[in-house]
Amino acid sequence: MSDRVIIFDTTLRDGEQALAASLTVKEKLQIAQALERLGVDVMEVGFPVSSPGDFQSVQTIARHIKQSRVCALARALPKDIDAAGEALRVAEAFRIHTFISTSSIHVESKLKKSFEDVLEMGVSAIKHARRYTDDVEFSCEDAGRTPIDNLCRMVEAAIKAGARTINIPDTVGYTVPTEFSGIIQTLFNRVPNIDQAIISVHCHDDLGLSVANSIGAVQMGARQIECTINGIGERAGNCSLEEVAMILKTRADLLGVHTNIRHSEIHRTSALVSQLCNMPVQPNKAIVGANAFSHSSGIHQDGVLKAKNTYEIITPESIGLTQNNLNMTSRSGRHVIKHRMESMGYAESSYDLDDLYGKFLTLADKKGQVFDYDLEALAFFSQIHEEPEHFKLEYLGVQSGSSVMATASVKLKVGQEIVSEAATGNGPVDAVYQCINRITGYEISIDKYELKGKGEGKNALGQVDIVAQYKGRKFHGMGLATDIIESSAQALIHVINSIWRADQVAEQMERNVAKTDKINTESV
């Protein structure tokens, strides 16, 4: 038996079914090319018979993808298989994936046929698909709830008909790992021609067990896992590609198998799919969540600084990230504060660690997470505990519409002076940001803009979180208001004030250096 597990990605077929809005052909191609870079062996990219648009997207992807095998789905019907075959003809290498339900509830209630009819339809579909390609995959839909005797008969007949891959789906995410592994083990024990095909699994996450079921199946001999980026898919989603890929890599000592996945492309691919599908990744998502490599506990942070593998079983670099995050919160210890100051180039002799740590705890209790620029200001700018607002929003007005360019008028209090500015922009938020940037004179680029709703009804608030770049450094801002334009402005002003404090620190440091140089010169 091979020690390689084939990764069959179905983000563009099963994953896309979960989206509120369909992806464009261009967006699907972007994702397909990202999957190719990631190293997936097979990508299922659509259901050609379902619509002209799906046919076109499958054909376009098939024409452009060269390294991965392109697959399309078809019911066990000649018209479905013909549509898939025609759409895939232009591919370098392709697969037709045909399926039929095999569980009693599906056969009797959905198909309203006998199992013998279903068996015959499955065999006929495989033979029809082989007119287009030798690479035919057959799925026993709802295999997890199919009587085992019927499942064994179907698998044996499908292999005899010419299917190279037999897929065993837990379509409704019903089974538990021992149960699903037992199904796979039984197939290997009872199907006489099982060695003539690759056994695949396709698990859904309705009970949160899709990844565990897939790994259990591999331990029993399955050599293909069907999965999606970020686990997107019908209902609660599908088996997560990034999770199974990293499990098989990290626990190769136990599982003894490998994949062709380029793990350093995982984070990049996850982010692209999240963006194009408009499906944010939950922060605590394994492998690709924002908190996956973040440490907030002081004990954990201290351990990671001493040896990363104390609390990290995989490295952020292994999935394409540059480093882990030590979130500075009220739970962080002195060791973390000293480490962050050293990483910014400040020797311990240039500040009082005990004094800095006391100020840090006060600020952390007030605002939650503290950033590097906050730490600098705490060390070298005495008024930081008062959170001085050098820039303060006094007035905001916007005019926009579908046929007019957005215009904004903004008044800021800058120190003790009121400064006004007007500007146009690509939408009201951009117009407001143009005004603020003109008033402050800072050349800022926005890396991330995120809007969240807080509360319900007419009293609901819009929270805007942004990450901005200024002179190579990242600054975080947050605004909260009933008007999202105002909350957007407040978020940028939050950033502006942080930048101003950072500049004050830099100027103070320059004065300190100049003063020291003068004293040294006079001493000489």
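A Cβ is built for glycine as well, from the same backbone N, Cα and C atoms used for every other residue.
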Of the residues D14, D41, D54, only one is listed by Swiss-Prot in the Mn(2+) site with H202, H204, N238. Which is it? D14
Mean pLDDT across the region 'Regulatory domain' (392-524), rounded to an integer, is what? 85
Tell me the coarse DSSP state (helix, strand, coil) of D14 (Mn(2+) binding site). helix
Chain-internal residues near N238 (Mn(2+) binding site), provided their CB is under 8 angstroms and they sit 6+ positions away: T10, D14, G15, H202, C203, H204, D205, S210, E226, C227, T228, G231, I232
Please identify which of H202, H204 has the densest Cβ environment, defined as other Cβ atoms within 10 Å, among these binding-site residues. H202
Please report the three-state DSSP label of N238 (Mn(2+) binding site). strand
